[in-house]
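> Starting off with a structure, shown below.
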């Protein structure tokens, strides 16, 4: 067994956090490859090192630059001193200063937070340091170049017992050696790519939470943690607004069948959330998670005998497509068809779409409503458990919440419910309380 | 106030029934225009006169023809004798015999049932007889020619105090005078056209049932009668298999805002079902009716990130359209889209559609299931009453019925539920018992 351990910014914000990370890595020999983020916030009003780096890079004058640059140096020196390490970053800072003055690129500037943190951590752990600029290659759009990266990174990792590989960046895949950051997902993507190419058995993603929560803690007070979740469930929850790992950071490990374990650096004893391709483990609850978002609009099209018009649905969707609008759902009655779209995307094109629909399908009427919230109740356990829909709708009925839309396809992995924006939070609370106690 | 009264075949099957019809018409001066069907069955094993007419017309030899023709003559003679009427149909039968021998057309043959019944009823009521061949014009596809019919029929009806206008037929709109029947809806359509052009206030449709039932009596034992139903609700129920008035018979009166009252000739005291454009009357129950049909198939398409592909839904529907398939519903999850189609229409094209889908959208997987039944729970009362969905799904959960699909658009006039075929009857029973007691 071997593992990749990725630590988020709050897990490496200062010397105290570094000590926890050391403890975690050293107590388990399987934790071979370490992917650090840049130092995050130490307290609520603190600034992340990455943000200081951007600030320094964009500084309008010398004094602002110098003050910010000093602040960055102090952050690292505090860590080095706190850990009583025998390492100096002076040379690195000299090179950085020069590069910043030459304005060699924002990605370069931002990436130095991870780079320096990786150097310090590698020294502290006595692990080898691997600079991702030599082993991870990123295209101009910020996506990982699989063909160029995989052979080089695999070879590099095969040659070492242990290593620290900073997250968030690599170099452009054009051979120029220019530092390039990932567009989305940051250090999580690096962890995932390292896990894939290090051929490990588990990707531990260490954060400041003990896993994913069943519902948004701003809505439900102290929600339970999800023990095990499949990639599919995760995708459904994240799509509906739950803040979880970015897609890009999931694909490399998913394709290799490597599970991800979300862990809490401050509570390493907590089991966290395990993300898997599929599992025979009976889920702890019938539902795995609840997520949702406000801000959808409904376009309800009525036309007598629409069902007997072959091509009706296609023509309707063509109008939305012509205006570059994607639709979320399309529930249909007998003579009605409702298209659900994102209000922000729709609002400016509203009248054009209406005119287009009138031309395309000559409806009897079109009604618009714009305060719809969508809630997804997700769970692989729903398939085996009859009466889930009843429990969901009971819970909402008890709270007097009117349901504007219901959509359950035959995957039986989720039920999607539309309610007015004002019922969004009460609906999530009601569903949570029905299933989790 | 004035009314059109249309009587179905069982209401005019014999002299006893004719007496009831006479009573009904004579007790209300507003019942000005009468539209009769041909004599129907007098008892379960009896043959309708229309079927005897077809049999005579298609007779293979003289003796079969003569026997059948005599049977028809007897049916009418029994009515005339039973009512002690001073009328002879001999001349009509002579003309008919000649026309049958000349094979002048099946529509002509079939229409004689209504024609003769209309003559007898007009004589009995002492109402004027209007032959629809002179006032109702039908195109070659069997649809009512509005432009040609309306001015002529309106004028004819404006000139009479009372009249009997046989149902089911008219003449071809090409000026040839050839007898032509309606393709669908028969005498109900005639009643509706007469109601429209007679500018009446109510269209009474007299049958052998006291109105529409909330659910299929073969599934639910002695279901309640629907008191008031809107055209929209009616359309939703009929679409889902409830046997009610044909669309064609509803449009002429619907466009004029004339309500239809379904009444029972054998229990004229029963209020029956009133069909209206819209109503402020609070419905008797939250749900107006339940209907459904078996025999649907689901095509579940899975593809990661399908939601971010603009045009995905349109491309999927294009494949179905290219194979001349209409879809019933299209519930969608996050990475799944399910297309529900009629199994009989789909089955021969199945593999072509699958190949087409693979080419069009490169799905990760496609799953087919073919034993889906759809149930529509319809009711204008659902909009005002929260918790309807909960009650529906509770009722199903109590019976351990697994729900394969749910679709509720924002019209809030119906909830459509998909269950396996084997749960079709239990599901309808459970929903009925939940809402109607």
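Cβ atoms here come from the backbone N, Cα and C positions, even for glycine.
Note that TrEMBL annotation is computational and uncurated.
Just so it is clear, the model here is predicted, and its values are computed rather than measured.
Not my notes, these are from TrEMBL:
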type	residues	note
BINDING	A:6, A:7, A:8, A:9, A:207, A:208, A:218	ATP binding site
BINDING	A:50, A:114	substrate binding site
DOMAIN	A:377-437	domain 'ACT'
> Tell me whether residue A:218 (ATP binding site) sits in a helix, a strand or coil according to DSSP.
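In the DSSP reduction, residue A:218 (ATP binding site) maps to coil.
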> Among A:7, A:207, A:208, these being the binding-site residues, pick the one whose CA is nearest to that of residue A:114 (substrate binding site).
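Nearest by Cα distance to residue A:114 (substrate binding site): A:7.
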> Provide the three-state DSSP residue tally for the domain 'ACT' (A:377-437): helix first, then strand, then coil.
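Grouping H, G, I as helix and E, B as strand yields 29 helix, 13 strand, 19 coil.
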> At the Cα level, what's the spacing in Å between residue A:6 (ATP binding site) and residue A:50 (substrate binding site), rounded?
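Rounded to the nearest whole number, the Cα-Cα distance is 17 Å.
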> Round to a whole number and give the Cα-to-Cα distance in Å for the pair residue A:207 (ATP binding site) and residue A:50 (substrate binding site).
17
> Between residue A:8 (ATP binding site) and residue A:50 (substrate binding site), how many Å separate their Cα atoms?
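Spelling it out, the Cα of residue A:8 (ATP binding site) and the Cα of residue A:50 (substrate binding site) are 12 Å apart.
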> What does DSSP call residue A:8 (ATP binding site) in the simple three-state scheme?
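It is coil.
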> Within its own chain, what residues at least 6 apart in sequence put their Cβ under 8 Å from the Cβ of residue A:208 (ATP binding site), listed in sequence order?
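The list for residue A:208 (ATP binding site) reads A:8, A:10, A:11, A:264, A:265, A:266, given in order along the sequence.
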> Which chain-mates of residue A:7 (ATP binding site) that are at least 6 residues away have a CB under 8 A from its CB, listed by sequence?
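Same-chain residues close to residue A:7 (ATP binding site) (Cβ under 8 Å, separated by 6 or more) are A:21, A:34, A:35, A:36, A:37, A:206, A:265.
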> How long is the line from the C-alpha of residue A:218 (ATP binding site) to the C-alpha of residue A:50 (substrate binding site), rounded to the nearest angstrom?
26
